[in-house]
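Worksheet: the structure to be examined is printed underneath.
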Number of protein chains: 2
Amino acid sequence: MSDTLRLGIAGLGTVGVGVLRIIRQQAALLEARTGRKISVSAVSARTRDRDRGVSLKGYDWEDDPVTLATRDDVDVFVELMGGSDGPAKAATEAALKAGKHVVTANKAMLAIHGQALAELAEAQGLSLRYEAAVAGGIPVVKTLLEGLAGNGITRVMGVMNGSCNYILTRMESAGQTYQDIFAEADALGYLEADPQLDVGGIDAAHKLAILSSIAFGAQVDFHGIQLEGIERVTIEDIRAAADMGYKIKLLGVAQKTGRGLEQRMQPCLVPDSSPLGQLDGGTNMVVLEGDAVGQIVLRGAGAGEGPTASAVMADVCDIARGVWLPVFGQPATTLVQAKSAQSKTPAPYYLRMALVDKPGALAKIATVLGEAGVSINRMRQYEHDAASAPVLIVTHRTIPADLERAIAAMDGTGVMAGAPVALRIEEV
Amino acid sequence: MSDTLRLGIAGLGTVGVGVLRIIRQQAALLEARTGRKISVSAVSARTRDRDRGVSLKGYDWEDDPVTLATRDDVDVFVELMGGSDGPAKAATEAALKAGKHVVTANKAMLAIHGQALAELAEAQGLSLRYEAAVAGGIPVVKTLLEGLAGNGITRVMGVMNGSCNYILTRMESAGQTYQDIFAEADALGYLEADPQLDVGGIDAAHKLAILSSIAFGAQVDFHGIQLEGIERVTIEDIRAAADMGYKIKLLGVAQKTGRGLEQRMQPCLVPDSSPLGQLDGGTNMVVLEGDAVGQIVLRGAGAGEGPTASAVMADVCDIARGVWLPVFGQPATTLVQAKSAQSKTPAPYYLRMALVDKPGALAKIATVLGEAGVSINRMRQYEHDAASAPVLIVTHRTIPADLERAIAAMDGTGVMAGAPVALRIEEV
């Protein structure tokens, strides 16, 4: 265990630079904790001559990440390029085939190709670790894989895209529209080059798919996620939800049901006094529920140089210490292909609608809801000047199909001024 | 790795029963995750014939935990008896000397004898694991030991005694005195047989000493903790703190300073909007700060059958998976004996006092504070009928010695109606 552990790092963006910084500045600490020196043999990135604020002196340069990944003097290939396919996947596969451990921050690659990569790594007896792929600096992968290994996991929830949470909390505090705050976030550089990865919920869904696999012993199934972004969240709904005691969050939820594995990433209401409701700005939060442990909440920075590099280094330290685990917590060949269940789990719902201002309008809506089996928990009609009256309803637990039936029937009542908004209220 | 891992469990209280339940009910899951069967060879407890709600059939019985710990058919000794010395320590030492791994929930034993036990375990190449000793079900030991291994840890904070947090939050919600709520908690069975372990802060301080050791690479130093319990917290202070935007918590703080390792367990004020401030009832919260990761917050149940058993089983699973780590994260022989620094770190302070109702009283106090170098941030004098006027002061960051000097000088002003209350405000 006293040999030096030698890394090859592909990708020198924010995270790669952060990893180099830790390896240099904490050399003594890392050696004390792992019993080994940790060194960098070679690096690779798209452009060689760029001021990254950190010197690359002492590291060999490789133009081709595949060549880097398979060098004789590399024990661990650190993949920080990103992208589900292309060079990241090619170099990861090459590294594993060449007998190198892999540490990656690549959520897209794992969400799409996790099963095949895990099988490859395990067949080779190698580590494939990815703490940095989910929720940045929060050690949630380790917590699920190891810390809660004695639990049957019942539900995993999380706010795992800081940009979306920033937009939603900033809409509320500034009282501005989605379009305005989106533009502001984009100008501040908070969004991915393709912002749809953030606001469309795709990035967060990648993370949820990975956590689901660990939690439920299932093959990663990104395409089984019921996915909706935050583009349709309005300032009106944020205000109305607040008035009823809720916050709107882009919330990922995975739970095993009698019908299969339910995975959702969608705007949901959560109580404003809950830890999730109190999560402002770019911070991430993951809630893990186990049959023995109850509820564990983890909160921390979901992105950024230091936090993400911290997660990469946790994986590197584990490998240096000789820790080996199956990639998703149990051998990949034993992971089941879970049946994907679209949400049939009953939940309370938030309904916002505008009713034509004439006698009996509210009664008609209440009747339609009742006939569909949707029971009203709370209802508010607001004072208004316009021709239509704003109405908010919080339902009791409702089967989604019943709600859909009720909404379809509302259309025929003749008292709706526009389509209603329906959002799930997640019971946290 | 496919051999059965055989446990010997000493102590069949709540936690021991929880461990037996998990081992039975989750046998398939545990085998899938660790690649091994996990079995129980023998158990031991103070009384044999007691209805524990779980059958002991199939397990050998031992009257003597030392005999249990050294049985040939025990690979891991699970110590759930408690107590820093006595049978728990004897059996733990015997187990390690006999080549058995040890998993324990015993915070007192580790806080007092952690260094010697760690040296013994490491000399034998054995695991000594104790996730359940700190903050119940929250995997905070694993997070510090492994998840943040790439960080220089800068501060560890925590609310780690659920009974104290219950008493403090219940005093506020019920508007009742410490004495009343203490009696209520005692009647509900929320307190240890010796309640001083809870309300005196000793139990929480044991946990803090353990986390400090991991965080700062120092030998466990329970006696270096500046310790104060919650007995002197009054309903008046809880109300006054709330009025200034704070909650009072029994907060453990460990940080490395230029003068040594500062460890405090004392009632502190934290902002009511912070995660710590929002922590109500019996839940635990640990805040870990690292130079790379920033701030990580972990929240969960700090006690109880399921949560504590979950933590025990995480350690058992690690051992089953062949994971080995130094007990406190780096070899025990390399842990430094940190100089214990009583708090000299400046902090804002909360001061509550009653002033004699005569002209110039407030001016005298302000003068005394200013002369001692204590700067006032906020001050409130409340309307009053009595002969003395209630005054609250929040100071700017103050060196504790300056504050002590100011408080001593107040006594000579002739305007104080009784001694002032001073509480540290922890900046979270």
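Keep in mind that glycine also has a Cβ here, set from the backbone N, Cα and C atoms.
Just so you know, TrEMBL annotations are computer predictions that nobody has curated.
Sequence annotations record features per position, and here TrEMBL assigns active site, proton donor to B:Lys207. According to DSSP, B:Lys207 (active site, proton donor) is assigned to a helical segment.
The NADPH binding site annotation in TrEMBL covers B:Lys107. The Cβ neighbour count for B:Lys107 (NADPH binding site), using a 10 Å radius over every protein chain in view, is 28.
Marked as L-homoserine binding site by TrEMBL: B:Glu192. B:Glu192 (L-homoserine binding site) falls within neither a helix nor a strand when secondary structure is assigned with DSSP, and so counts as coil. Just so you know, the Cβ of B:Glu192 (L-homoserine binding site) picks up 15 other Cβ atoms within 10 Å once every protein chain is counted.
Taken through DSSP, the domain 'ACT' (B:350-428) splits into 25 helix, 28 strand, 26 coil. Marked as domain 'ACT' by TrEMBL: B:350-428.
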- Quick one: give me the count of other CB atoms within 10 A of the CB of B:Lys207 (active site, proton donor). 27
- Using C-alpha atoms only, work out the spacing between B:Lys107 (NADPH binding site) and B:Lys207 (active site, proton donor) and round it to an integer in Å. 6
- Note on the structure: Model confidence over the domain 'ACT' (B:350-428), as mean pLDDT, sits at 93
- Simplified DSSP label at B:Lys107 (NADPH binding site) comes out helix
